[in-house]
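As annotated by Swiss-Prot, active site applies to R236, E265, with the evidence given as similarity to another entry. Annotation source Swiss-Prot lists active site, proton donor at H297, citing similarity to another entry. The NAD(+) binding site annotation in Swiss-Prot covers H154, I155, T234, S235, R236, D260, H297, Q298, A299, F300.
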Amino acid sequence: MRVAIFSSKNYDHHSIEKENEHYGHDLVFLNERLTKETAEKAKDAEAVCIFVNDEANAEVLEILAGLGIKLVALRCAGYNNVDLDAAKKLNIKVVRVPAYSPYSVAEYAVGMLLTLNRQISRGLKRVRENNFSLEGLIGLDVHDKTVGIIGVGHIGSVFAHIMTHGFGANVIAYKPHPDPELAKKVGFRFTSLDEVIETSDIISLHCPLTPENHHMINEETLARAKKGFYLVNTSRGGLVDTKAVIKSLKAKHLGGYAADVYEEEGPLFFENHADDIIEDDILERLIAFPNVVFTGHQAFLTKEALSNIAHSILQDISDAEAGKEMPDALV
């Protein structure tokens, strides 16, 4: 099958082409994001493969359907950028990679928490300037702290295991449909969203973005949280109202923010803007805080995850071509 792969980078080329040796699909790698302006680049393809910041809204899907596209394969777990209702009406199948490597993101979230809490980035910067002073670098033990997790799927459960068994933290968690057996196995406690917000020393987000939880971390929830708490977001930028985070940081209520995602990351992330003037004043203000650790959506980026993603999407494409059932299908 001929597949147009949007938002592709060198690491995508390597992992997907290597895995494709076992499948033999005709792959067309495109650097551009999928938008209504670039959708025509999928001409002559039968499927498109997209990533987190590609746009697959109704307008784009109509263009793709007109080109004869029958399959949209997401090389990620989240699918908030795809209009599933429109895809269904247009008879376009949509598949995702639900569990490519929960360890990659969970381990990265731990790394971000430690970098924020122990001020590792500031320490590294100091010693490179021959400054070995420790003033202002005091952190906290994660051990025995209350760690609240919002969203306990594959990634959230791995993060909970690390916090519980690796750090000896008191882990509480919220998800709409709790799994008591999982909580017992890992060693944490399910509770209400209110308790997670109000009693946690550290809150880590591990849930998909939906219309219902957009800006679930906002001015009101931040005000209810413990003074000095840390917030970690490796899920989706839209879960957090960035303006509210900035306000809470300025008021010294939020102790620190570690994020690998940003609500308006689409036109910025995965590209080199070193010589550009960034016009997003909210982002520029956010990353200026000394108690903010911010990276460009790299939590997924491990060799194992890339290999698993490549295998999953190519297998789904092969199954679609053969008319087989696809376990990871959304539509």
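Glycine too: its Cβ is placed from the backbone N, Cα and C atoms.
Of the listed recorded positions, namely H154, R236, the sparsest CB environment within 10 A is found at H154. Across the structure, E265 (active site) and H297 (active site, proton donor) are spaced 9 Å apart at their Cα atoms. Among the recorded positions listed (H154, H297, A299), H297 has its Cα nearest to the Cα of R236 (active site). Pairwise Cα distances among H154, I155, T234, S235, R236, D260, H297, Q298, A299, F300, the recorded NAD(+)-binding residues, top out at 18 Å.
Residues near A299 (NAD(+) binding site) in space but far in sequence (CB under 8 A, at least 6 apart, same chain), listed by position: S104, V105, Y108, A109, T234, D260. The residue listed as 'active site, proton donor' sits 18 Å from H154 (NAD(+) binding site), taking the C-alpha atoms as the reference points. By neighbour count, meaning other C-beta atoms within 10 Å, the densest spot among the recorded positions T234, E265, H297 is T234. In three-state terms derived from DSSP, R236 (active site) belongs to neither a helical nor a strand segment and is classed as coil.
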